[in-house]
Structure formats: structure tokens, C-alpha cells
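As written in TrEMBL, here are the features:
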- 27-45: transmembrane segment (TRANSMEM)
- 51-73: transmembrane segment (TRANSMEM)
- LYS116, GLU117, ASP146: UDP-alpha-D-glucose binding site (BINDING)
- 457-476: transmembrane segment (TRANSMEM)
- 496-517: transmembrane segment (TRANSMEM)
- 529-548: transmembrane segment (TRANSMEM)
- 586-609: transmembrane segment (TRANSMEM)
Amino acid sequence: MNTATMPGPTPPLHSLRPLRRRHFNRLFAAVYASAILSLFYHHILKLLHSTTLVSFFMSFLLFISDVVLAYMWSTTQASHMNPVHRQVFPENLQKVLDRKDFPAMDIFICTADPYKEPPINVVNTALSVMAYDYPTEKLSVYVSDDGGSELTMFAFMEAAKFGKQWVPFCRENDITDRCPNAFFTSNYALNPKTMEIKMMYESMKTKVEGAVERGKVNDEYISSEDERQILTQYRTKDFTRQNHPSVIQVLLNSKRDVDNRGRAMPNLIYVSREKSKSTPHHFKAGALNVLYKRLYRTHLIGMDGLNGPSYVGTGCFFLRRVFFGAPSSYIEPETPELAPDHIVNKPINSREVLSLAQHVAGCNYENRTNWGSKMGFRYGSLVEDYYTGYRLQCEGWQSIFCDPSRPAFLGSVPISFNDALNQNKRWYVGLLEMGFCRYSPLTFGIRAMGILMAQSYAYYAFSAIWSLPITVYAFLPSLALLQGIPIFPKVYEPWFYLYAFMFLAAYGQDCLDFILGQSTFQRWWSDQRMWLIRALSPFVFGTIEFVMKRLGLPTHEFVVTSKVMDAELSRRYDQGMFEFGVPSPMFVPLATAAILNLIAFLGGFVCLFEKKLW
């Protein structure tokens, strides 16, 4: 008698579990919404019983401010309705799929200015990606250099050579921190091989940083005639940051280049798009089309329980198909070789492939095509990550949030106060562009995704309008106190308890979110201070710049955020101190509000003391 063995169940790659606090969140939202309606009733009563024009004006400003606060509060609650926990099981991947059947994967790294984004940092990113625990012959790393810099090209020529030592070293020693800089600043094993690799890394780092410091690559650093020819094109009079031809250089070819153990290296391709002053460049979104933080622990797990999290610009993997129309309506690219299922059967450094790549990287290629509007990364906003993810989900694509206990990706952030505020201002201009365009979450988003997902996106899109109520509450109560005009209920009045409840409940929920997100009370308190700073600085200036752009008035050009890590600056940042940096108009509203509130506090204290004295 023949017997057959039934195959066992396929092991899961991830699991999803709704969090129990969703029930409390829904009850809290209902109770707090009732309190908001009561507050509106109180405001209307105050407006009707105002006896002077000044008191009416103050009451009206507070009423409008609370309406805005109420709406923004509602956008925060959308992601509280169904928070989930997703557990990932990467160890099951090879039980589900043989390594030889893993899909080919492209990794894109964007950079724009070697002096604000040091090439050695970008190189470390690329090397950590090249050392992925993934079949190297299926891995391609693309570096998009919108700065068109000789320094960045040289850095990656050096990285290609060092990578042939680093990739097998990580594989053979089961290295966890595969970023060289992170590894060599950790408690690594002291053995001859490790010290040899470290010396190679330090040598590469010295060359790259030395070239950046001098502003050019010295000839003694060029080890071959091929390297000299590659770098020569950057030294022509026609090659500037504002105007230069496209450059595509295959630095590593998986079909040809092997590491020091004879195994294939990943593809490593350097791309610098053609740039012309007369043609829109689309910045990072354009670079991605050529190639194709509260934030994570609270908002994204909430969106994961709805239709999936938003795209936040990094640490994200896409199926190629999502860039070519909705799941049910495929959009054919004008060039068949760009189709998501196209298989390249020629070497990547062949004349045909490089010629097509040069054509696609041209600054006029996208004219009169669907790229940036219906295909690829979408144009129309400074926050191309948010806008692209939003449009993809409106088309019907879904996303999931994988948050392993050990972070899969780490990045750098501005550690100068001025740099951080300017970066935030740029984000909020882009978000307002999205909020008030034809694809606004309040209109298009609700029709496409439903109200909860639309409200989750509106939380980002309209975040800059927090500036209106926060500015009012930063200045109006102090001015009213100095003028002796009461605008809030007295402690013994019933309405005081409504204000107290709303204040304590809102802050209590926010603090609870932080703590449940594996953070601390101290970090929550620091976040509250930064939130107020953002509301009175980048929120305000971002809103002003958005309005100026809508009116056709001149505004500041796009500025790359500096990621240079000065040693002393970094030390103070690790201690929880921000460096104010250079003088900036961004500090004016903050300083004004602080001085006015101090004067009002001292004035109120003096009045109270005089009343007690007499």
C-alpha cells in the first residue's frame, strides 16, 4: 500500500495582532469629542456676552484657534482606532523560498552635496547594503549623485575596491553591524583579520575625507588610467553643479567582478542625471525615477491597522509593479525596457544598456510622458516620499509596517538647531502643497481610501496649521494678563473643570503613547518642548513660504540639509543639547514669545503680591 506525506503548513513571514488599547482609544475619542463640543458651546456663550470690542476679538481668536486644534486632534485619533503589532520572522524566508529564487532587488541611495552629505557617510550606507545577507548576484546598488561631484565619484571608486574585502568579511564572520563605521566603533573582536580590514577602511576613509577637505582628488590617489579617465570628465568647464551632462558609471558588475573569495559582487552603479538651469530637476523624486521618527512608534503602527503605513522616504521596499499604475490598470511605459517585468539579457555595462540609461537620465526625457504624474515617484511636492506613498495607496496598493526589535535601518539627522528647523520648514511647505492640491486628503483621499486613512494623511498634510492656534495661545493670554482682561474661567467656576480635563487628558494620552512606544517620560517631555518650538518657527515660516509660493512671490530655493557630524557638536547632541548655530530669523518668534511670557509672568506675580499686601 502506497502512502503519501502531506506537506506541512507554510511557515509565516509575519503575523498581525490588534492591540488591546484600541478599545480604550475609541472610548477616549468619544468622551473627548463630547468635551470639545462643550468647549465650543462655552466659546459661543462668551462671544454672545462680550461687552467690549477687545473682549469679543480675543474670544473670537480663541474660538477659531480651538476649532483648528479640534480638527487637528481628530486627525491624530484616526491612527488610534486600530493599532496593531506585526511580528516578523525573517528566519522563515528560506523555508518559504530557495535563495536562488529570491527576487532581484535594487537599492537606491540619493545624495546631492559632498560638503553637506559627506561622501564617507554615503559610502558607509552603500557598503552596508552591499553586505546584505542576500544573494549578491541578485543585488544592485545605485548611487544617485545630483551634485555631480568628482568627490562622490572618487569615494565610490574607493568603496568598490574596499567592498571586495568587506562583503566576504561580513559573510564569513556573521557580522551584525554591516556598516563599517558602526562596526569599527563597537566592541568588535580583536584579531589579525579584523585589524587588517580596519586598516583598509581607515586608509579609504583618509583618502575620501582628505579629498573633500581639499576640494579635489589628488593624482597620487588615482591608481589606474581608467580611474583617471572617469574623473577627468568632472574637471571640464561644462561640468558644474547647476549644469552638467548625465554620467553613468558601472563600478561593479556582478557578472564580472568577484570578491577576494571568488564570489560575485553586487552591481554598483553611479548615476548623475543631466542637469540644466532651464529644465525642472524634481530633486530627489526625479533621482528616484531615474533609478528606480513619534512617527514610527505611534502613527505608523496605527496606520498599519487600517490600510498600511505611509512612505517616509527611507527603509522601504517596493514591488516594481506599483510604479506602473493601479493594481487593476497597468500603465505601459513608453520605453519597453523600463517595464517592471523586463529581463535584461545583456551585460549592464554593454553599449546598448548604457546608451539607454544615458537617454533616460537626460533632463528632457520625462517631457510629455507619464513619469512623475501617473508612473514612478510623483512630482508636485517637496515631500516626494509622503506624496508618492499617498498616491499609491489612493490607487489601491497596500503597505505593511515591519518593525523588528533590532532596527533594520539607522540614519542621520541634523544636530544643529538651525539645520533642524530649516529642514522642518521645507517639509511643511511640501506638506501644505499636498494638502491644498487636487489630490488633497480632505477630498480626493476620502473618496479613494475612506475617512480614517484620509485623516491619517491629513495629520501630515495640515500639520503646519498648528502654527495658528499655538501662536495665538503663545501671545494672547500674556497680553490679556498684562491688560487685566480675563479670558479663561476662574478656578471656582464649573467651566474650569472642562479646561482642566481637556488639558490633562490630551497630554496624558500623548505621554501614554510615548511610553507604550518603548520610550521614556523624559523623551516625551523633550518632544513636547520641540513640538512647541516647531509650531512657533518652522510651522510659521513654512506656512508663510507656502502662501508666498501660491501668490507667485519669490521664495527660498531648495537647500540640502547638512549632515556633517562635527565631533564637539555631536558630543553635545548625545548629551541632549542642541547647538543653535548661526543667527537666524527662525529664532525671532521663539525669542519674542519667551520674553513676552516672562514679562507677563512677572507682571502677574507682582499684581498678585500687591493684592495680598493690600
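The backbone N, Cα and C atoms fix where each Cβ goes, and this holds for glycine too.
Note on the transmembrane segment (496-517): residues 21, 28, 32, 35-36, 38-39, 42, 73, 294, 297-298, 488-490, 523-524, 527-528 of its chain, located 6 or more positions outside it, place their CB under 8 angstroms from a CB of the stretch. If one looks beyond the transmembrane segment (586-609) by at least 6 residues along the same chain, the residues whose Cβ comes under 8 Å of a Cβ in the stretch are 418, 421-422, 425, 471, 474-475, 477-479, 481-482, 533, 536-538, 540-541, 580.
There are 16 other CB atoms within 10 A of the CB of LYS116 (UDP-alpha-D-glucose binding site), with all protein chains counted. Site extent for UDP-alpha-D-glucose: among the recorded binding residues LYS116, GLU117, ASP146, the largest C-alpha separation is 13 Å.
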